[in-house]
Amino acid sequence: MSPECARAAGDAPLRSLEQANRTRFSFFSDVKGDHRLLLAAVETTVLALIFAVSLLGNVCALVLVARRRRRGTTACLVLNLFCADLLFISAIPLVLAVRWTEAWLLGPVACHLLFYLMTLSGSVTILTLAAVSLERMVCIVHLQRGVRGPGRRARAVLLTLIWGYSAVAALPLCVFFRVVPQRLPGADQEISICTLIWPTIAGEISWDVSFVTLNFLVPGLVIVISYSKILQITKASRKRLTVSLAYSESHQIRVSQQDFRLFRTLFLLMVSFFIMWSPIIITILLILIQNFKQDLVIWPSLFFWVVAFTFANSALNPILYNMTLCRNEWKKIFCCFWFPEKGAILTDTSVKRNDLSVISG
């Protein structure tokens, strides 16, 4: 073998290793340069505000739903939705720590768990929304036939399936996220980053496609079909009301209107989820494409703001829910605090109204 061939053969593994390092996305690790403190302060302010609003909103929504005397399947699923939001925002302190230190100094365990828990909570959220829409559609059909809804054991099984499937679906992220040294643009030396390293490109492609399909598109299709069916039932019920004004019929319509109000709220939650989670899904797919197109540049700062936008969904969910379904409860709380006598009157008059609520029945 000629010296030129031997030198080329020896340099090939180095070039391959250098290319592999260049394709590793650093996610939250980023060298910000001279304005590091200012940028980190802005990022901290934004995420801290999202964290505070989300924590307060979800905890208050949890208390309002949990204090109802009767909690059905829908209420349990809504509680599950708020729990998933709380799990999702638990990643914010870790994200802020990395944005301040730039390098990953939290250890391998946190690296394995951070993106795993974020993906797990997102999967639980969309599956819960799909389960609520499907359960409400089935409940309305069974209500018209005089059939009772699922019992406590069925609810426990449903929640176990949602969390179990989400945990298994996100498991590859827990396995393949690891801490590696890498030199980032603007850095004088290598720093530790938490990045995703798949054994094969084929495995990464198959997981990305299957996860987006099964945990994003299919639940969205279930929600759309369920809402379409409920709209058909609601329109048919209103037409029957114009023909017959019997008490039983009017009572059935009142329940349908409450269901329609609940579905309108859940529809808003679903729309906000898809709007605020679509950018992160697209960004993850672009990171996958980066393996094939080296000229495609995705900055870690852009990834951070996309994730921050996704975090904001956890703050928006309880706001939408409280504004549309819990306005009377919040009015009662404020009146009890500022006007005790008026609050007592509202408390007495709202008992029967709460008993008629489908979400608590």
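Numbers here mean position along the shown chain, with the first residue as 1.
Any Cβ shown, glycine's included, is placed from N, Cα and C.
Relative to the membrane, Lys32 and Asp295 are recorded by Swiss-Prot on the same side. Between Cys194 and the candidates Cys76, Cys83, Cys111, Swiss-Prot records a disulfide bond only with Cys111. Between the listed residues Asn21, Asn322, Swiss-Prot assigns N-linked glycosylation site to Asn21, with no corresponding entry for the rest in that record. Within the same chain, the residues at least 6 positions away from Cys111 (disulfide bond) whose Cβ sits under 8 Å from its Cβ are Trp104, Phe177, Arg178, Val179, Cys194, listed in sequence order. Within 10 Å of the C-beta of Cys194 (disulfide bond) there are 24 other C-beta atoms, taking all protein chains into account. In summary, the transmembrane segment (269-289) lies against the transmembrane segment (113-133): three or more C-beta pairs, each 6 or more positions apart in sequence, are under 8 Å. Counting Cβ pairs closer than 8 Å to the transmembrane segment (205-225), the top stretch among 46-66, 78-98, 113-133, 296-316 is 113-133.
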